[in-house]
Amino acid sequence: MQYLTILGSTGSIGRSTLDIVRRHPDRFAVTALTANQGVAQMMSDCLEFHPSYAVMADEASAIALKEALAGHKLKTEVLTGTDALCQVAAHSSVDIVMAAIVGAAGLLPAMAAIKKGKTVLLANKEALVMSGRLFMDAAHHYSARILPVDSEHNAIFQCLPAEAQSALGNCDLSAAGVDKILLTGSGGPFRYTSLSQLSSVTPEQAVAHPNWSMGRKISVDSATMMNKGLEFIEAKWLFNATEEQIQVIIHPQSVIHSMVQYRDGSVLAQMGQPDMRTPIAHALGFPERVASGVSPLDFSRVGELSFLPVDFERYPCLKLAIEACWAGQGATTALNAANEIAVDAFLSGKIGFTQIHTVVLDVLSELKQANINDLESILAIDAEARLMAHQKITRLAV
């Protein structure tokens with residue numbers, strides 16, 4: 001039996017993870033569930049999975065959950081705050097931690113799990129975007145195992161030889177015969193929208209992804225392709241890739257989730273339905289394969305698979321992310337922080353869709369880069385970039 005902490009259990013990845021757990025009660029049990037404010041969903045999950053701990057990041061939500069559970073004969077202890085998130089991520093009874101908290105808030109609990117040598121199923125992009133080198137070095141130092149859950153990185157992982165899989169963060173792609181990682185992206189809902197119309201895109205249009213079911217923030221990131229930019233940065237750290245070893249390509253159908261091109265001309269691709277239960281099941285069961293509930297591809301119905309080069313005029317946020325990737329961890333931390341604030345402002349109707357790029361660009365242009373050698377430095381840059389982004393949004397909204 002493998003015992004799990006699910007960080008972000010009420011979100012899209014968390015729901016899919018619990019679906020896999022539900023299908024394999026003989027293999028997986030839940031020690032802890034965490035969420036921000038989703039009291040009703042958390043209560044339902046506590047009644048079904050009987051976790052030892054339920055953590056609500058929001059204190060008022062924790063109080064509400066405790067009151068809601070009071071009438072039930074559960075031994076679930078309700079906790080709140082960042083320290084509690086780190087506590088359940090590092091708990092001695094936990095074998096696997098699903099790191100699925102969206103945003104910078106997921107960094108500290110993911111690092112807490114790493115420092116206790118856990119198997120970390122990494123769905124939180126920001127852990128690597130903000131602290132890639134520190135995070136991978138810590139995983140090596142504490143003998144923690146990282147398994148990528150993002151569909152693209154999980155696909156790349158599956159297409160790599162065993163020696164590269166076992167040395168994430170330090171693998172030598174060239175020695176493994178790899179020429180290039182091909183990171184695929186659908187291009188989002190505005191792939192064919194005229195550039196002149198992008199400034200008038202609404203939040204409702206931006207969150208309507210053509211292929212994937214995702215949360216609102218990640219859906220907007222997919223529309224700007226900032227999501228692919230963050231994945232580009234992740235790929236650099238996970239697979240120890242050089243600038244010449246990663247390429248982004250548009251693949252509208254989202255059937256091929258990414259590819260690895262080898263020196264001999266071979267290209268290995270991982271294919272499947274656009275359903276996150278597939279990479280989650282792969283990571284949970286690794287190195288074995290477990291049922292995910294996802295129906296296999298019917299190749300008689302797949303039809304055309306097409307590929308397009310990236311148009312950086314259409315996706316300037318992706319260009320910013322790639323540039324930040326090679327500028328250093330200070331730049332990627334600032335990029336991520338400014339983007340989180342800008343996307344939230346867009347979803348709240350404070351700025352337009354194309355102004356997300358404007359805010360992020362302005363923050364990156366003005367923020368003084370500092371040496372990054374510890375988490376405190378990263379969090380300081382994160383805070384400064386968020387403040388600057390708020391200030392720029394205030395000026396844009398006037």
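Even glycines carry a Cβ here, placed using N, Cα and C.
If you look up Swiss-Prot, you'll see T10, G11, S12, I13, N124, E126, G215 marked as NADPH binding site, on the strength of sequence analysis. A C-beta separation below 8 Å, combined with a sequence spacing of at least six in one chain, links I13 (NADPH binding site) to M98, A100, A123, V149, M276, I280.
Annotation comment: Swiss-Prot describes K125, S151, E152, S186, H209, S222, N227, K228, E231 as 1-deoxy-D-xylulose 5-phosphate binding site, evidence class sequence analysis. Secondary structure from DSSP puts K125 (1-deoxy-D-xylulose 5-phosphate binding site) in coil. Within the same chain, residues at least six positions away from K125 (1-deoxy-D-xylulose 5-phosphate binding site) with a Cβ under 8 Å of its Cβ are D150, N227, L230, E231, I233, E234, N336.
Per Swiss-Prot, Mn(2+) binding site is recorded for D150, E152, E231, and the stated evidence type is sequence analysis. For E152 (1-deoxy-D-xylulose 5-phosphate binding site), the same-chain residues 6+ apart in sequence whose C-beta sits under 8 angstroms from its C-beta are L183, T184, G185, E231, A235, H257, S258.
Under 8 Å, Cβ to Cβ, and six or more positions away along its own chain, E126 (NADPH binding site) finds G103, A104, G106, L107, L230, N336.
With the fewest other C-beta atoms within 10 Å around its C-beta, G215 stands out among the binding-site residues G11, G215. Annotated Mn(2+) site D150, E152, E231; additional same-chain residues within 8 Å of its Cβ mean position, judged by their own Cβ, are K125, P148, S151, H153, N154, L183, N227, K228, E234, A235, S258. With all protein chains in the displayed structure included, the most crowded Cβ environment within 10 Å among the binding-site residues D150, E231 is that of E231. Reduced to three states, the DSSP call for G215 (NADPH binding site) is coil.
Cβ packing within 10 Å was compared across the binding-site residues T10, N124, N227, and the lowest neighbour count falls to T10.
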